[in-house]
Each structure stands twice: as structure tokens, then as C-alpha cells.
Amino acid sequence: MTEFDNLTWLHGKPQGSGLLKANPEDFVVVEDLGFTPDGEGEHILLRILKNGCNTRFVADALAKFLKIHAREVSFAGQKDKHAVTEQWLCARVPGKEMPDFSAFQLEGCKVLEYARHKRKLRLGALKGNAFTLVLREISDRRDVETRLQAIRDGGVPNYFGAQRFGIGGSNLQGALRWAQSNAPVRDRNKRSFWLSAARSALFNQIVHQRLKKPDFNQVVDGDALQLAGRGSWFVATSEELPELQRRVDEKELMITASLPGSGEWGTQRAALAFEQDAIAQETVLQSLLLREKVEASRRAMLLYPQQLSWNWWDDVTVELRFWLPAGSFATSVVRGLINTMGDYAHIAE
């Protein structure tokens, strides 16, 4: 398995270094649900501003305040403790009376708005996230400027970030240990983290191998293509390749890579053979996913940051603003710009 730091760069390895997240205010994330609350229903959606609190901690505190079980509070995604984040939490509170959320007091946390909603907010049920990042101590402004323009036009590899694998790769190591034993994992969080790490590592490996090809973004027979911004895909046939290539070049369609697991991967013929060969050596992780019946899926190979803009505060400090679809990693964008000083595996997704 290729180490995360050695995965193929789309625009070559950055020439300079820089510091990501010198303080929480350097990493601002605002969730974009993609819908507005219904205004009625047994659930309450709350938009919360937090700094110095992780998502699970806030959810547990909210459950205690409402005198409900912790499982009755849900969220669309984990947000980092050491960042300034706006995210939505959902609490199941049947009844017409709205709780007085002005009485909810938690250091570093503020309820910005709330409304009733008919459905539970489930993990992954958001459109995307808007990011404002500040990179400091940049050693090569010219290289970063060139890379920003290249990323705006050509995107970055849609790798799962280092944080998916845990500090020091602990989640991936846990998956490997589990795969080599028959012992059940009863801790649901560990089980989820380890399976996600296993599948993410295999995806990264497939993308890494494809990006090594000069014609990596050339549609091949059997590729699984995705409409930009959509989750479903269809299979390319040899007769359609010229037209499909035009649509890929115009970013209307995205070439996807496999999230391996049980069931069909989605690709066929030449594309399927390539993906299978790319991870042929990773039999342990593949066997784990099959054993645990993790369903195979697809994910876009490239990531195009939307609304990307930047502002140089001085020659060594730049502020970035961009929007990413749910499930994508801001750190994968930063990876294409600078060699980051320090380990950012602790940054939540």
C-alpha cells in the first residue's frame, strides 16, 4: 500500500512548505445542508457555531440539556474540535412546545438558529461545506500562486485525507489487525472507523495508480462515469467514447474510482481490469470488506474546488475560500499547494 504522503500529485509535488491551522480561526468550516428546515415535525434542527468543541461532545451536551438519550441527537458529519465551525445538529423532541435554547450554555458553543423538521438528519445528509483557510509561513509564494491557478482549472485528486486513517495511521492498522483475526469488534465506532479506513485506502490506491498514467483522464471502455454533483453512475461503452470524453473535458461528467466491497464495483471490461490490478496486492483489506459485507460504491477520481478564491495578506500568508461537496477533504486541496508542516491527521473531516 502506498503511503499517503507518496500518493501521486496531479500537478507535481509542491516546491515549498507552509503551516496549516496555526490557530482555530485559520480553519473555518460552514456546513451547507442544501435544504431548509420544514418548520414542522418531531425533530429540531439547530445551527450551531462552535470553537474548541468536537461534534460528539456538543451532541451529548445537547441531549443532556433536552433530557433525551444521546442517540436521539444526530448530525451530518464530524467537525474538528480545533477549528471554527458552523454545523447542524438534529434532536428528536416530539411535541409542540419549543425548548428555550437560550438556556443552553456550553463554553465555545452558540446556537445560531433552530427550527422543526420532519426527518432525522443522517450522517452524510448535507450538500457540502464552505471553507475559509489561512496558510502561514509559506516558503514559496510563486509556486503556491501557480498551483492555485492550476487547481482552479484542473482540480486535485479526490483522495481521502490523512485524517480518515487516524493519527499515525491507527485506523488503518486497526483494520489490518481485525482482518487477520476472527474476533468480533463490538465497539461500533471502532468498527466504522476501521472499515472506512480500509475502503478509503483502497480507493486512494486506485486513484494513485490511475494518475500515474499520462492519459489518466481519458475515458476507457467500461469506465463508470458520474454526472457532476450526482451520486449515480453509468458505464461507458466503446461506441460512446468520443462524446463521453467531450463531456468529461467540459467537467459535465466525472470519471469515478471504486470504493471496493461486496457486490459489483461498477466498472466493466478494461476499466474493471485496471482497478482490480491496482489493488491486487491488497488481499487482506479486500477480504475484510467482503467478510463484513461492506457494499461497493463509487467516488469521483478528481475534486474541483468550487468558488475558489484567494487573498495574499503578505508574502508568506494566504487566505483561501472554496466550497467542496460532502465527503471531500479540504486537506486534499492544501496537499496540492504546500508541503504542510506538522501532522494534520487529527483534523476531523
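Yeah, the Cβs are placed from backbone N, Cα and C, and that goes for glycine too.
What Swiss-Prot annotates here:
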- Asp80: active site, nucleophile (ACT_SITE)
- Phe27, Asn129, Phe329: substrate binding site (BINDING)
- 155-303: domain 'TRUD' (DOMAIN)
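Phe329 (substrate binding site) has a Cβ environment of 21 other Cβ atoms inside 10 Å. A separation of roughly 9 Å, to the nearest angstrom, links the Cα atoms of Asp80 (active site, nucleophile) and Phe27 (substrate binding site). Of all Cβ atoms in the protein chains displayed, 23 besides its own lie within 10 Å of the Cβ of Phe27 (substrate binding site). Look at Asn129 (substrate binding site): DSSP puts it in a strand.
Within the set Phe27, Asn129, Phe329 that the record links to substrate, no two Cα atoms are more than 13 Å apart, and one pair reaches that distance. According to DSSP, Asp80 (active site, nucleophile) sits in a coil region rather than a helix or strand.
For the domain 'TRUD' (155-303), the DSSP-based tally of helix, strand and coil residues reads 72 helix, 24 strand, 53 coil. Per-residue confidence over the domain 'TRUD' (155-303) averages out at a pLDDT of 94.
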